[in-house]
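Undergrad: Pulled the feature table from Swiss-Prot, pasting it below:
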BINDING   GLY188, GLY190, LYS191, THR192  ATP binding site
REGION    1-71  region 'Domain I, interacts with DnaA modulators'
REGION    71-141  region 'Domain II'
REGION    142-364  region 'Domain III, AAA+ region'
REGION    365-487  region 'Domain IV, binds dsDNA'
Amino acid sequence: MMHDALFERFSARLKAQVGPEVYASWFARLKLHTVSKSVVRFTVPTTFLKSWINNRYMDLITSLVQSEDPDVLKVEILVRSASRPVRPAQTEERAQPVQEVGAAPRNKSFIPSQSATAPAAQPMAAQATLRQGGSGPLFGSPLDTRFTFDTFVEGSSNRVALAAAKTIAEAGAGAVRFNPLFIHAGVGLGKTHLLQAIANAAIDSPRNPRVVYLTAEYFMWRFATAIRDNDALTLKDTLRNIDLLVIDDMQFLQGKMIQHEFCHLLNMLLDSAKQVVVAADRAPWELESLDPRVRSRLQGGMAIEIEGPDYDMRYEMLNRRMGSARQDDPSFEISDEILTHVAKSVTASGRELEGAFNQLMFRRSFEPNLSVDRVDELLSHLVGSGEAKRVRIEDIQRIVARHYNVSRQELVSNRRTRVIVKPRQIAMYLAKMLTPRSFPEIGRRFGGRDHTTVLHAVRKIEDLISGDTKLGHEVELLKRLINENNA
């Protein structure tokens, strides 16, 4: 296998999947390091960029490499400074998924770094999306100007979350009933877009609030470097003097000391009526690695789930992407037949739709007459081969809760009323029947219960079903609803 040819093909496919802006921001400095019989290693200039790619893009990178060479079993990301001397120019490079901003009167200035040097210039493709105007020192990755409420596709699955987000951006501290706002959803369903839209709108509001937007990973990195540099107090003072904290990917917040500091910050902001917005890939009560005090405080506000987009939303996303592509190339055209087909076929998330569109846009340059059959062939990795998606415990909880007119939070709570206990036991039973999860893991997903509680619930529902035809029909109906949800 020609290594250079492999990397060129891989890079082209990766750019088609993630889009040119994302590629320029996160993968422009990715280099092929070594290729052995079963392991491919890439290098990046910083530890943080390695962590970012590992957490967000490793599955995609691995699948693309394996599609080029099926013998590859493993893909690794290394830091170049760990494998060879770092040149001076490289030591200034940083890739940090964060935007920190604070607004002075009519001048949107950014809160400067407390413990790090300024980052190197952003790639040209990324510069096009930076906030323009009278901004002060820029630190880390800027807010993406494309992520606004106007560009967010609204539908039945995200309407409540969007309404809450707009209320916070417009009302600020007046939106106390949404404090903290916790948005949870699977990968690619719009959490980051919505959080950045809140930050963008807040900065542009006449209230001139001081806003900090960051990821949980970046929060950990900033505190670690501040502690290392004996500058933690300065960082804490900076964060305490803000009006709006927006933090993404809360599921990645790790470490006892870091969580302790975050808990203090969260308590201080909420007690001072400062707005906090958090997003994660699961509900706050399912974040088992979080300190119970943090989890409890996050549960004290408004938790809203964003579900997968329906057909109308998917079609609108593709239409908007088409409009954006035509701004760059007025002659660009993909037939409505193909757009409709893709909207019906690629159903998992907006991110997969974006990948599908980028793939079609890339292919169109040398295959101008794409047919529906050819599109199916190109997007087979997104459309799937007819296999059902893995059932998630949170899907079971949501469907059971809806069926019995209770909330998911009640299912995982300590309440033991009859109206809650029966649905909870049925949900535990279905979790054991429909997922590969163990009794202890199911117990953790139901509010940290012991595995014996789950075992008791499973045995009890089995016994009841054998003598209660009505309950048996209810459970079969729930199974069908869950399987249809994952079809």
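Every residue, even glycine, has its Cβ placed from backbone N, Cα and C.
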Undergrad: Of these binding-site residues, GLY188, GLY190, which scores lowest on Cβ atoms within 10 Å?
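TA: Taking GLY188, GLY190 as the binding-site residues, the minimal 10 Å Cβ count falls on GLY188.
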Undergrad: Which are the residues of the chain, GLY188, GLY190, LYS191, THR192 excluded, whose CB is within 8 A of where the CB atoms of the ATP site average out, their centroid?
TA: ALA185, VAL187, LEU189, HIS193, LEU194, ALA279, ILE306, SER349, GLY350, ARG351
Undergrad: Out of LYS191, THR192, which of these binding-site residues shows the lowest number of other CB atoms within 10 Å of its CB?
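TA: Least crowded of the binding-site residues LYS191, THR192, by Cβ count within 10 Å, is THR192.
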Undergrad: Tally of helix, strand and coil residues over the region 'Domain I, interacts with DnaA modulators' (1-71) according to DSSP?
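TA: Across the region 'Domain I, interacts with DnaA modulators' (1-71), the residues distribute as 45 helix, 11 strand, 15 coil.
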Undergrad: Which state, by DSSP, holds THR192 (ATP binding site): helix, strand or coil?
TA: helix
Undergrad: How many of the residues that make up the region 'Domain IV, binds dsDNA' (365-487) does DSSP mark as helix, as strand and as coil?
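TA: Split by secondary structure, the region 'Domain IV, binds dsDNA' (365-487) comes out as 84 helix, 0 strand, 39 coil.
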